[in-house]
Amino acid sequence: MGAAPGPTHTSIDVRLPNSTEKRMPDSSTNTSLVARAWAALDAVPDPEIPVVSIRELGILRDVRQAPDGVIEAVITPTYSGCPAMAQIAEDIGAALDGAGLAPHRVVSVLAPAWTTDWITDGARQKLRHYGIAPPSRTCTTQGTQAPQPVRLVSRNEREHTQPVCPRCGSPNTERLSQFGSTACKALYRCITCREPFDYFKPY
């Protein structure tokens, strides 16, 4: 996924080199390390929905090498106060350690805010196979993290988006609860096959 355009950030976890002398590596080394870091983080799953990766969900925003030589993984929480972010930061650190890419740090960015439109098409398909109805789109631009014109969506418009049953494909569904297994999901039931399922709420 593309990098976010220069947001304000705060460090979650920091690991610094042993040496006090910090030199910026040459560009070829920089590119190689960043590519290795992307490859290592591609497989890091979301703690709450392990069938999809944090990159596929759009949580992993960027991987870069800072001027001090430290590999930075940039993440955006799905919502403010998301309890999974600490686990995600820990999993990122473990993946980078496993790839021999220390020192590294995880950086959290809050703007632009995460949106379900950043979930990739491949991840949406995986959610269906996992039994979760993927979110409807809130804008016409698919899967992009580039800045887009703000589109205000009324609460009624979002609530009247009827999810399709991920089990039988029927659009004949009803909401049982605004909250499902996690805060970002609602509980629905298919009237056709009578099976309950989670719907990933769009926002």
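Here the Cβ of each residue, glycine as well, is placed from N, Cα and C on the backbone.
TrEMBL annotations: computationally assigned, not manually curated.
Among the ranges 1-29, 117-145, the one that TrEMBL lists as region 'Disordered' is 1-29. Break the domain 'PaaD zinc beta ribbon' (156-201) down by DSSP state and the numbers are 4 helix, 16 strand, 26 coil.
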